[in-house]
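Relevant sequence annotations retrieved from TrEMBL are reproduced here:
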DOMAIN    34-281  domain 'Deacetylase sirtuin-type'
ACT_SITE  HIS139  active site, proton acceptor
BINDING   CYS147, CYS150, CYS177, CYS180  Zn(2+) binding site
REGION    298-355  region 'Disordered'
COMPBIAS  321-330  compositional bias 'Acidic residues'
COMPBIAS  345-355  compositional bias 'Basic residues'
Amino acid sequence: MTGTFLDLFVHEVHFDVYSLKVFLSLCFQVCDDVEELKTKIRLLAAAIKQANRLVVYTGAGISTAASIPDYRGPNGVWTQLQKGRSISSTDLSKAQPTLTHMCIRTLHKEKLVKHVVSQNCDGLHLRSGLPRSALSELHGNMFIEVCASCSPVREYVRLFDVTERTSLHRHGTGRRCHHCGDELRDTIVHFGERGTLEQPLNWKGAAEAAEAADVILCLGSSLKVLKKYACLWCMNRPASKRPKLYIVNLQWTPKDDLAVLKINGKCDEVMSLLMEELNLQIPAYEKADDPIFSLATPLLPEEGNTHSREVISPPGGQEDCSADTEEQTDEASSVQGGWFGRGYGKGRRKKKKAS
């Protein structure tokens, strides 16, 4: 698109340039050719080796290989809903950590990554074995419910999606704290809400990591939400004093112009090549090593019918019978669960009726 045509298009359809870029990013994905991708991977590998404090920011794009749709891609949840299309219902507890999740865990284990800041709620970073101290889940975790009445806040990690009854400004899960009896709530931060829970959000860890970072690697995020969190970008510093930014994404992001390097590729493909360049092995996900089983709090006998979500089966293959899965409801053909489909509410602002 030439500058003249672009200017004319913007003027005729009353778009500003930023809105046009957002629109085009929803329609198109760009992939680097093989040689260009390899060249960029070598540059990224060199930057990682030289970094003193590398922080990784992750978005929905790292989980698409686990059959979890992204939001703003051509086939993303928000994109499809904006087109008036329905989204198939799915139980996201079936997902497992992807190659990218396992690469990130290995990079942390090798002391190449200091901290991971994720806007994903799927819990896959935790399930990959990444230590909680090295993880900030800014928008919550679908497997964690908490009692905010206890001090400190008491966590309950579950083997199922705790958000089926929750939605924007409605966070009660229907279960109660085993200690004080108050209702438990999910940890999800919807559009229009401000998350304040210490865990799993760990804003303190995210802010401290960003402040100390000399390199930031963004994987699979459109950055349309993360860009709004000023503390993650050190924008109060002169440009030369900010962390060097590297982005891996198939679409345009609002931070592209600030990046030292933009890699247009799928996260799993890029990370596989990166690990090869760094001469590091990628461990396979092993359910027997999944921390969620040791972290999980079993339901009390009387809580057996408080959810209809599928339970993650333990490594031995024995199903957890705490939930009556036969009573699962086949509701409308839309994404169910408080954190996934219903969060779209912000994007469907109701127009005020003329008086």
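Including glycine, each Cβ sits where the backbone N, Cα and C put it.
A TrEMBL annotation is a machine prediction, not a hand-curated record.
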When you tally the Cβ atoms that lie within 10 Å of each candidate's Cβ, which of the binding-site residues (CYS147, CYS150, CYS177, CYS180) has the highest tally?
CYS147
For the recorded Zn(2+) site formed by CYS147, CYS150, CYS177, CYS180, name the remaining residues of the chain with Cβ within 8 Å of the site's Cβ center, in chain order.
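So the extra residues in range turn out to be ALA148, SER149, ARG154, HIS178, HIS179, GLY181, ASP182, LEU184.
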Which number gives the other C-beta atoms within 10 angstroms of the C-beta of HIS139 (active site, proton acceptor), all protein chains shown included?
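Cβ-Cβ neighbours of HIS139 (active site, proton acceptor) within 10 Å number 20.
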How far is it from CYS150 (Zn(2+) binding site) to HIS139 (active site, proton acceptor), counting Cα to Cα, in Å?
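With the alpha carbons as reference points, the distance is 21 Å.
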How many Å lie between the Cα of CYS177 (Zn(2+) binding site) and the Cα of HIS139 (active site, proton acceptor)?
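Given the Cα positions, CYS177 (Zn(2+) binding site) is 22 Å from HIS139 (active site, proton acceptor).
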